[in-house]
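J.: First the structure, which I've put down as structure tokens, then a few questions once you've had a look.
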Amino acid sequence: MSKSHSEAGSAFIQTQQLHAAMADTFLEHMCRLDIDSAPITARNTGIICTIGPASRSVETLKEMIKSGMNVARMNFSHGTHEYHAETIKNVRTATESFASDPILYRPVAVALDTKGPEIRTGLIKGSGTAEVELKKGATLKITLDNAYMEKCDENILWLDYKNICKVVDVGSKVYVDDGLISLQVKQKGPDFLVTEVENGGFLGSKKGVNLPGAAVDLPAVSEKDIQDLKFGVEQDVDMVFASFIRKAADVHEVRKILGEKGKNIKIISKIENHEGVRRFDEILEASDGIMVARGDLGIEIPAEKVFLAQKMIIGRCNRAGKPVICATQMLESMIKKPRPTRAEGSDVANAVLDGADCIMLSGETAKGDYPLEAVRMQHLIAREAEAAMFHRKLFEELARSSSHSTDLMEAMAMGSVEASYKCLAAALIVLTESGRSAHQVARYRPRAPIIAVTRNHQTARQAHLYRGIFPVVCKDPVQEAWAEDVDLRVNLAMNVGKARGFFKKGDVVIVLTGWRPGSGFTNTMRVVPVP
């Protein structure tokens, strides 16, 4: 499977950690990692950025796309439809500003993140950005009286969950703002709770509330979610991040609301509570992909167990060949500082090493002081971590875990990735209509980037969900002769790869094409030197 280092020669562009990637044992692999080994130019992991006040101007979005943003996430827990419509328009304007050059054009996907059946606090009186300090030991009254909806302060807090007094008991815990603030219930009334502040801190407006252990009876898809999903279909979003998915039926419900018109929208289920982890397999089967939403997960299950859930979820998604996103607090300190903590750098790298297809930024890009730096940081860390994957072992295990199927595309994908290791290919070029061929290749985790050429804009945008796929949109009209059309698209991929520094003249690339037009006919693999 491996050539010796010297044999690969200096012409080979991808020296990144090759020695370590081809080790025989995991210990040997770790021992061979080298801090002076340069990573490959391409980054294989997708970067998802939440767009908010700090990043929604067209100019900032252009810079974020240049810095490496692949998917723009709209968080529907905040903002009106008009606000999000404008943000989506800005994202598309920024994306299309690069469209004049087919080689530099990067399709950016739009993701709608539903509010889901969550509980949130009201507005702190004053302004939307006002905060109040809750001191440890102080008494805080939680009320359902709508008179306080926009008048919360350090003494009284309004919540939007009408049944809270029925599901919590005296002695129960109430967590606010990803668990940063904890309250203990001391007394219950018909429409209020009296609590004592256990862990204090500064509280802002519209923060999430968790009631671990309580049987919260909220519907999987709220009335607001239904309106938001319909709005998403109108706006032609590429994917939905569905919050608080607890079982397969929840996913089917989201799919039903998206309807015929939204049937191509990918549904990514967010796993953020104990039931979601426990019933993970049925959720995975019903979904197009998964997000490990570590914020709420870390309150609903003990904080020290979150990494177990993360590894289990990523492992099962990799095995099933479905995309998985790691999210929440990845570079949290960069909201206020230009550099991440060492722990955060490690966290991003380890999510990539675990096998995440995408990594996500939330507050870092939505409201932080350093949105561009955060994107660049994720880009740099992801590239280094990808090079340090134990590729040889990973490929063997993925190949072994895939069942013997009559699906020819799967055999092609596995064969092309194995060939790419054997001949140290600098890239794999895949011509794809629906994107399926490229997704199958990505499933086997080649070291080299997969340049997927398609004429379908949505296929290109959604391809960012899969690790390693670099989508290229072919805007040229279809040629009459099939062979000429194939050559046209392969040449476009060659030009993009050279312009991006993925490979240079004389390197070897693997080209996967179909033998006739249409989806589902990819069956030809060639090993081609770069002209």
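Cβ coordinates come from backbone N, Cα and C, glycine included.
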J.: Need one residue: from Arg32, Arg106, Arg120, Arg500, the one Swiss-Prot lists with Asn70, His464 for L-serine.
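T.: Swiss-Prot lists Asn70, His464 binding L-serine, and from Arg32, Arg106, Arg120, Arg500 it also lists Arg106.
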J.: Write down the one residue from Lys207, Lys230, Lys247 that Swiss-Prot lists together with Asn75, Phe76, Ser77, His78, Arg120 as binding ATP.
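T.: Matched candidate out of Lys207, Lys230, Lys247, per Swiss-Prot for ATP with Asn75, Phe76, Ser77, His78, Arg120: Lys207.
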J.: Swiss-Prot records Arg73, Gly295, Asp296, Thr328 as substrate-binding residues. Which of Lys62, Lys89, Lys270, Lys311 is assigned to the same site?
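T.: Only hit among Lys62, Lys89, Lys270, Lys311 in Swiss-Prot's substrate site, alongside Arg73, Gly295, Asp296, Thr328: Lys270.
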J.: I need the neighbours of the K(+) site defined by Asn75, Ser77, Asp113, Thr114. Which other residues of that chain put their C-beta within 8 angstroms of the C-beta centroid, in sequence order?
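T.: Output for this site, in sequence order: Arg73, Met74, Phe76, His78, Leu112, Lys115, Gly116, Phe241, Ser243.
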J.: How many Å lie between the Cα of Lys305 (N6-acetyllysine) and the Cα of Asn70 (L-serine binding site)?
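T.: If we compare the Cα positions of Lys305 (N6-acetyllysine) and Asn70 (L-serine binding site), the gap is 30 Å.
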J.: Could you round the CA separation between Gly295 (substrate binding site) and Asn70 (L-serine binding site) to a whole angstrom and send it over?
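T.: Just about 22 Å between their Cα atoms.
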J.: At the Cα level, what's the spacing in Å between Ser37 (phosphoserine) and Lys207 (ATP binding site), rounded?
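T.: Just about 44 Å between their Cα atoms.
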J.: Around the recorded L-serine site, report the further residues of that chain (criterion: Cβ within 8 Å of the mean position of the Cβ atoms of Asn70, Arg106, His464; site residues excluded), sequence-ordered.
T.: Gly46, Ile47, Met69, Val71, Pro107, Val108, Ala109, Arg461, Ala463, Pro471
J.: Relative to the Cα of Arg73 (substrate binding site), which of the recorded positions Asp113, Lys266, Ser434 have a Cα no more than 10 Å away?
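T.: Qualifying among Asp113, Lys266, Ser434: Asp113.
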J.: Say you check the Cα of Lys166 (N6-acetyllysine) against those of the recorded positions Ser77, Ser127, Lys207, Thr432; which is nearest?
T.: Lys207
